[in-house]
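Comments concern the structure below.
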Amino acid sequence: MTAFILRRLVQSVLVMLVVALISFALFRFVGDPVASLMGQEATAADRDALRARLGLDQPFWMQFIDYIGRVLRGDFGISYRLQQPVAELILQRLPATLELALVSGIAAFVLGVALGVYTALNRRGWLSNAIMTVSLIGVSLPTFLIGVLLIWVFAVELQWLPSFGRGEVVQIGGWRTGFLTESGRVALILPAITLGLYQLTLIMRLVRAEMLEVLRTDYIKFARARGLSNRAIHFGHALKNTLVPVITITGLQLGSIIAFAIITETVFQWPGVGAFFINAVRFVDVPVMAAYLMLIALIFVVINLIVDLLYYVVDPRLRVDRGAARH
Amino acid sequence: MSEPLLSVRDLVVEFPTRRGTLRALDRVSFDIAEGEVLGMVGESGAGKSITGSAIIGLIDRPGRIAGGEIRLRGERIDNIPEDRMRSIRGRRIGMVFQDPLTSLNPLYTVAEQLIETIRTHLGLSEREARERAVALLDQVGIPAARRRIDDYPHHFSGGMRQRVVIALALAAEPELVIADEPTTALDVSVQAQIIDVLRDICADRGAAVMLITHDMGVIAETADRVAVLYAGRVAEIGPVRDVIQAAEHPYTAGLMGSIPTLTQTAERLTQIPGAMPRLDAIPQGCAFNPRCPQVMPRCRTERPDLLARGQGRQVACWLHAREGVGDV
């Protein structure tokens with residue numbers, strides 16, 4: 001177990017190093033920072049002086065090590081456009097994205113599992129068929145279209161819900177939350193649905209397929225033959241086995257919810273990291289782009305690690321064998 | 001003879017398919033007496049497992065019981081509501097499946113599965129159920145049961161897992177245990193042990209066993225009586241010794257001829273020519289008539305019913321009709 005965790009940790013560090021290399025390469029290949037920092041009138045001597053001051057005259061790998069050192073200290077440089085530390089800018093916007101991702105992720109998981117189990121157990125019911133048909137829409141419609149449709153129906157036509165922004169927020173320490181105000185919670189609804197709908201249908205269809213598979217297994221038949229109640233069979237024996245593969249997919253989906261909140265945040269003008277990134281791309285704000293890349297990579301790596309550990313918790317077969325298969 | 005523990009009469013099981021309805025069982029009848037071991041033999045697809053599933057009320061959909069009746073101590077159990085049937089499963093009829101590697105839920109410990117089963121049927125506390133579970137594992141021959149009980153199924157070998165499965169099937173003291181090819185998936189070296197465990201633990205409790213297998217050797221050593229199934233019909237039933245030594249149905253005779261013995265020196269074993277018909281192509285009359293060496297014109301048109309032949313023997317064959325006790 002410990003060896004496994006260590007191995008996974010080493011792998012994670014390697015992945016992060018590669019991502020750091022790529023994001024570092026962004027600086028080198030997307031324009032010359034010296035040229036963009038100094039005006040047109042700067043002399044060659046001035047340029048060289050600045051280059052030396054910024055350490056850009058050092059060999060590539062020296063600069064890379066230097067970069068990693070700074071990243072580890074939380075220093076991602078200064079945004080070209082806003083002239084503020086990138087780390088600070090991202091941390092300000094991260095709560096908005098995380099709250100949105102968390103709400104839509106949890107909703108997608110809970111509803112996805114519930115509907116998946118329901119449609120698997122009532123395979124031939126009309127409601128199941130209706131749910132499955134509707135879920136096709138969720139899988140096939142692009143996110144921005146769903147967002148725009150929701151805005152049109154609930155914000156423009158019915159005027160029930162706001163179409164953009166986070167509503168009022170409350171500052172708690174370094175965290176700016178929208179959970180504590182009425183307008184904050186209301187503002188969360190449409191973006192959360194938009195962001196979570198695809199994940200919900202995906203999880204639902206996955207749970208349904210896995211559940212149907214598990215219900216056909218011998219151990220379910222044996223459980224029935226022992227006279228256990230349907231409740232115990234469906235929610236004890238079958239659901240637990242169903243969730244083993246579902247956990248991986250859901251974990252990875254949580255990563256993509258955070259990473260690809262970009263579109264939803266743009267549609268709803270949600271003041272989160274994704275919208276911030278889109279603006280950075282528009283203005284070629286390289287430090288922000290590089291930091292965003294690192295952040296998303298870190299989130300994926302951490303989630304993957306957690307998913308692997310969850311596997312150990314759920315599936316005893318992966319735990320260290322106390323002398324496997326003894327006669 | 002007193003009332004049988006289990007009585008199956010004219011049981012018909014059908015599977016509707018797109019190309020018509022298939023009859024997996026066609027008027028199957030047999031009895032199992034209290035404490036008796038009934039062997040059920042036949043080729044793959046003869047309907048052995050379906051018979052077991054029908055008795056415990058777990059035929060895979062869309063299959064259904066289309067006729068006949070099943071009685072447990074005289075009480076019908078083939079048409080009762082699902083919740084009543086559930087109180088019979090495990091409690092009065094236990095079942096052991098073929099593959100111990102897939103019969104146990106991999107995510108629960110042996111203790112959890114045993115205790116859950118025991119507590120479902122017997123009103124015991126968690127601790128009492130646990131004690132009972134340990135005792136059961138001990139009886140099915142799992143060494144250091146008290147220590148091993150909290151292990152997961154994958155910690156056990158195939159033979160040990162089948163012992164666990166037997167313990168689970170017997171957890172609530174059923175009167176009848178249906179064992180569906182309990183040793184087929186196991187190493188030859190442990191097959192005999194498992195059969196011994198099954199037979200002894202059932203004998204201890206006075207539980208009857210319906211032993212489904214295609215292994216005549218197992219039947220010969222274990223069963224009191226044997227029923228031979230062919231194409232979803234009973235060909236012959238009788239005490240094991242009689243059926244093995246003097247088979248009356250040509251199909252049974254062919255089956256016995258295909259078993260190698262130590263004394264026999266023949267170069268080739270006897271074969272029955274042809275193959276069992278598919279369910280959608282069962283011939284008219286006796287299902288065995290195209291392969292039967294003693295076929296008569298009557299066999300091709302009229303289906304023979306089971307005829308009592310004395311000493312608890314029954315055979316469905318026109319050869320025995322003229323002298324048969326039940327012939328009209």
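Just so you know, glycine gets a Cβ as well, placed from its N, Cα and C.
Per TrEMBL, the features are as follows:
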DOMAIN    A:94-311  domain 'ABC transmembrane type-1'
TRANSMEM  A:12-30  transmembrane segment
TRANSMEM  A:100-121  transmembrane segment
TRANSMEM  A:133-155  transmembrane segment
TRANSMEM  A:186-207  transmembrane segment
TRANSMEM  A:243-263  transmembrane segment
TRANSMEM  A:289-314  transmembrane segment
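Note on the transmembrane segment (A:289-314): residues 1, 4-5, 8-9, 12, 15-16, 19-20, 22-24, 26-27, 71, 76-77, 86-87, 90, 240, 243-244, 247-248, 251-252, 254-255, 258-259, 273, 276-277, 280-281 of its chain, located 6 or more positions outside it, place their CB under 8 angstroms from a CB of the stretch. Residues 97-98, 100-101, 104-105, 108-109, 112-113, 143-144, 147, 195-196, 199, 202-203, 206-207, 210, 270, 272-275, 277-278, 296, 299-300, 303-304, 306-307, 310-311, 314-315 of the same chain lie 6 or more positions beyond the ends of the transmembrane segment (A:243-263) yet place their CB under 8 Å from a CB of it. Tertiary neighbourhood of the transmembrane segment (A:12-30): same-chain residues 60, 63-64, 67-68, 71, 284, 286-287, 289-291, 293-294, 297-298, 301-302, 304-305, selected by CB-CB distance under 8 Å and a gap of 6+ residues from either end.
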